[in-house]
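Novice: Below you will find the structure I want to go over with you.
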Amino acid sequence: MNFYFEAAGVLDRLEERKTSVKSLLGSLPAQNRKRVTALVLQTLKYKPTLNEIIGTTKLLQLEKRAFPGSARNTAIVLVHDLLFAKGGIQAGDGPLKQAILRHKTRLHAELTKLKVKRGARTNEDLVQLADPRAAKIPRYVRVNALKTSLDDALADLNARGFSQGDTAEGKKFVQDPHVPNLLAFDAARTEMSSDPAYLRGELILQDKASCFPALVLNPPAHADANVIDATAAPGNKTTHLAALMQNRGTLFAFERDKRRFKTLETMLARAGASNVRAQNADFLSVDPHDATYARVSHILLDPSCSGSGIVNRLDYLLDDAAEEQEEERDERLEKLAAFQQSMIAHAMKFPSVSRIVYSTCSVHAAENERVVRAALLASSGAWVLAPRDQVLPTWERRGVQDELGDVGDAANLVRCMPGEDATNGFFVSCFERAPATGQSAIKRKLEADDDLDHKPTAKKRKKKKKKKTNAAGDAKEDGNRGDDDNDEWLGVAEC
Ligand SMILES: C[S@@+](CC[C@H](N)C(=O)[O-])C[C@H]1O[C@@H](n2cnc3c(N)ncnc32)[C@H](O)[C@@H]1O
C-alpha cells in the first residue's frame, strides 16, 4: 500500500504547485521510485476521467471514513489501478482497498458510460479526448505505396463501409490536401490498430505533420540512390522515405536505442521496406568519410526533442505547474538544442550530401529556429535554407523570423501548431549546400561580424579602408547599391 500513499503524496504536492513533477519524483526513495513514477504519470493522464467517475459515483461521500478530504488523491490512484492497471489494485486486503472494491461494479459501469458519452473506444481515446487540442486532430492514416496503391486502398475501405466525405466524421474520411496518400478519419470513431489493412502493413498510422519531413527531403528514387535516416525508430519516416524511393537504392537507417531498434525492424518488415539497411548504431559515431556513405546525397534528421508539440504529453497536463519547472525546462532545452546542433553539424560532414531535413515535434524556438540559426552560422555559409517552393509551399504556417534572425528567411521553414492546424506541433527545416560560386549571405555576415568583433589590425584597417573607398565608389556608380547590399545582409538566405 506504501507506494499508493507515496504516489498520492506526489499528487498532493503537485496540486500545491510549489515544485515540479520531475524534482518530486527525483526525491522519492530509490526502491519505489520506478513504480511510483509510473503510477503518478498514468494517473495524471487519466485524472480528468477519474475525477468525473469518482464524482458521479459519489465514492468519497460514501466512503468518508476511508477517504477523508485530505485523502482524495489516495482514492484517485486506487481507482486508477482498479480501472486501468493490468492487475487491478496491487495491495493486500486492507480497509482502503475494500472501500474501493465495494464500488467496483459501479465504477466500471461509469467508465463504460463515459466512454460511450465521449465516443471513445479505448482507454487511450479517453485521454485524447480529455485534451481539447487532441479533439481537433483526426486519425491520420498513410496508404503504404510499398504494399498497395491508393486506388486499391480506397476500394478496400469502401468495401468495408467507409466512404470519402468533406469531413472526417463517423465512417467518412477525407483525402489530405497536403500529403499524397494520406487519409484523415474520425479519431473518436476509428479504431485502426486492429484493422486488417493496418495489420497487413498497407495502412500506416502516422500524424500528418510527421509525414512532412520525408516529403520535403524528396529523396531520389533510382537504383544508385543513397539516403540516410539518422534517427529512425519507430520508423514511420523511414517507411515513408522507402515508399518515396520506391524501394530503390539504399536507405541507411540508424537507431541507437536497442529496444526502439527492434520496433524499427518490426515496422520495416511489416511495411515491406526492402531497401533499408537498418543499424543499431549511434549516428554520431558513423564516420562520414567511410566509403560506404560516399554517395549519400540526402539525410533525414528527426532527433530526440522535448516533444512539446505532441498533444497528450504530460507537459500539457502540467503546463501550469510551478515556476521552477520553467527553469528546469530551459536547462533541458539547452541540452537538447546542443545535441540537435551536433547532429546537424555531423550530417553536414558527409561529402556528397546536398540536402538535409531537420525536424522536431517541439513547439519551442530553442529547438527549432534557434537550432537552425546556429547550424547555419556554424557552417560558415556552406549551407543555406532550401527555398519555400521546395518546402511545402502551400502550407501556410511558416517559421518565426524573430527567432531565426538575419541568417535566413523564416518563410522557408514550416511550423504546425497543436490545436490550430489539425496536427501535433511540429517543425521542419531543409538545408541545402550553398552554390559553389558566389558568397552566401551568411558568409558575408560572418565576415562582417568578424570585422566588427576583432580589433582591427593595421593590415585589416588598411583592407577596410580600401573596402570603404571601393564601396563609396560603387555607390557613386549605382545610386541604390548600398541599400541593396543592406537588404541582402538582413533579409538573407540565397535560395
Ligand atoms: C523523434 S524519434 C524519431 C522518430 C522517427 N523518425 C519516426 O518518424 O518514426 C528520435 C529517435 O532517435 C534516436 N536517436 C537519438 N539520438 C540518436 C543518435 N545519435 N543516433 C541514432 N539514433 C538516435 C532515439 O532513440 C529515437 O528513437
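Cβ atoms are placed via backbone N, Cα and C, with glycine included.
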Novice: If TrEMBL gives GLU255, ASP302 as binding S-adenosyl-L-methionine, which of ASP282, ASP287, ASP330 does it give for that site as well?
Specialist: ASP282
Novice: Looking at the binding-site residues GLU255, ASP282, ASP302, whose Cα is closest in space to that of CYS361 (active site, nucleophile)?
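Specialist: Nearest listed residue in space: ASP302.
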Novice: Do any residues at least six apart in sequence from GLU255 (S-adenosyl-L-methionine binding site), in the same chain, have a Cβ closer than 8 Å to its Cβ, and if so which, in order?
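Specialist: The list for GLU255 (S-adenosyl-L-methionine binding site) reads THR231, ALA232, ALA233, PHE261, LEU264, ALA278, GLN279, ASN280, ALA281, given in order along the sequence.
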Novice: What are the other residues, in sequence order, whose C-beta lies within 8 angstroms of the center of the C-beta atoms of GLU255, ASP282, ASP302 at the S-adenosyl-L-methionine site?
Specialist: ASP229, ALA230, THR231, ALA232, ALA233, PHE254, ARG256, ASP257, PHE283, PRO303
Novice: Using a Cβ cut-off under 8 Å and a sequence separation of 6 or more, which residues in the same chain sit near ASP302 (S-adenosyl-L-methionine binding site)?
Specialist: PRO213, ASP229, ALA230, THR231, LYS237, TYR358, SER359, THR360
Novice: How many other Cβ atoms are found within 10 Å of the Cβ atom of CYS361 (active site, nucleophile), counting all protein chains shown?
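Specialist: Excluding its own Cβ, CYS361 (active site, nucleophile) sees 24 Cβ atoms within 10 Å.
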